[in-house]
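Undergrad: Here it is: the structure, laid out below.
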Amino acid sequence: MNYSKYETMKQLIADMKLPDYRYEQIIKAIFSQHTSTFEKMSTLPLELKKSLINTFGPSVCCTVPVACQTSGQADKILFSLPDGNRVETVNLHYKKGWESFCISSQCGCGFGCQFCATGTLGHKRNMTADEITDQLLYFHLNGHKLNSISFMGMGEPLANPNLFDALNILNDSSLFGLSQRRITISTIGIIPGIKRLTHEFPQINLAYSLHSPFENQRSELMPVNRSFPLHEVMNALDNHIRHTGRRLFLAYIMLNGVNDSVDHAKALVELLQDRGPWAHLYHVDLIPYNATDKTPRKFASSDKITMKRFRDILHANGISVATRTQFGSDISAACGQLLGEKDV
């Protein structure tokens, strides 16, 4: 079992027979005073500082930024992890100072979706809870507001059991104190993970990467569909809505000549109308495809006319739908473009 740094700090203080308030001083230094190194924690005794540095290293964060790219409203940070693996995190800036963060959960990804650059890397390993949350801690320590978080970076979050430890850390009022409703988890349809999320974090926003209403085509585009078929995932999502009463998001990447036909739109309408009393809580986000030269099969985004036709069919049939605005595609910071392998 991997204990988080916060649990390890508590144990270290207990082992040194120091009073409990020393832990509270560390947490205050990190989350209230934005102190990024243990050496600068002026309220701590020297003996404790040395022990913290020996255990964790000089920095509070285990993620080390090695490169940054900026384009308009998007910043992409390449982080190095303690074992040398690298992941990417995206910071999106909106009007009135709102900041959103797209974070990674795995080094690489083993699911091989045909249109996704990350999937070409294969699965290297799961990120630890500290590595997941330290992506955000880095930004917090540098004065950013963590207004909303999405697990839409590298990897499939629900395939990493450490995700749930990370969510507990993010939700802990003494640490990050993030409301569940400010967190979104995107999944390709890992049913055991969906069920666990339903019961442990019912207020977290859930987004399902759909991309085709047809089982055979979805299996071709997303091999995970052979293990977790669309119809079985939809049943799990119905149960999630039944249990939580929360809106559920369906992501649909628009691929020119692949999944953007009238037949696809009509099949999607039928799929959602079959949800019965839960149909009104499904919302479809149509996403222009972000081109990448990393995938063996090449795709292009549907044009605006085709996307409007698709959206109009859904809307005319009472389906909640919107076309999502994308940021950062010119620096490979948009959905499906993250690689984390090279200096950016």
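Note that Cβ sites are derived from N, Cα and C of the backbone, with glycine treated the same way.
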Undergrad: Could you look at SER173, SER174, SER179, SER186 and say which one Swiss-Prot places alongside GLY155, GLU156, SER209, LEU210, HIS211, ASN290 in the S-adenosyl-L-methionine site?
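TA: Of SER173, SER174, SER179, SER186, SER186 joins GLY155, GLU156, SER209, LEU210, HIS211, ASN290 in the S-adenosyl-L-methionine site that Swiss-Prot records.
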Undergrad: Could you give the Cα-Cα distance between CYS116 ([4Fe-4S] cluster binding site) and SER186 (S-adenosyl-L-methionine binding site), in whole Å?
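TA: Per the Cα atoms, CYS116 ([4Fe-4S] cluster binding site) and SER186 (S-adenosyl-L-methionine binding site) stand 14 Å apart.
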Undergrad: Cβ-Cβ under 8 Å from CYS109 ([4Fe-4S] cluster binding site), same chain, 6 or more residues apart: which ones?
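TA: Within the chain, CYS109 ([4Fe-4S] cluster binding site) has Cβ neighbours under 8 Å at CYS116, THR118, GLY119, LEU121, GLY122, HIS123, MET154, GLY155, GLU156.
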Undergrad: Given the recorded positions CYS102, CYS113, CYS116, which one has the fewest other C-beta atoms within 10 angstroms of its C-beta?
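TA: With the recorded positions CYS102, CYS113, CYS116, fewest surrounding Cβ atoms within 10 Å: CYS113.
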Undergrad: Out of the recorded positions listed (GLU88, SER209, LEU210, HIS211), which are within 10 Å of CYS102 (disulfide bond), Cα to Cα?
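TA: Taking GLU88, SER209, LEU210, HIS211 one by one, the ones whose Cα falls within 10 Å of CYS102 (disulfide bond) are GLU88.
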Undergrad: Other than its own, how many Cβ atoms are within 10 Å of the Cβ belonging to SER186 (S-adenosyl-L-methionine binding site)?
TA: 21
Undergrad: Taking only the Cα atoms, work out how far CYS113 ([4Fe-4S] cluster binding site) lies from LEU210 (S-adenosyl-L-methionine binding site), in Å, as a whole number.
TA: 12
Undergrad: Near HIS211 (S-adenosyl-L-methionine binding site), which residues of its chain come within a Cβ-Cβ distance under 8 Å, counting only those 6 or more away in sequence?
TA: PHE115, ARG218, LEU221, MET222, ALA251, TYR252, ILE253, LEU255, ASN259
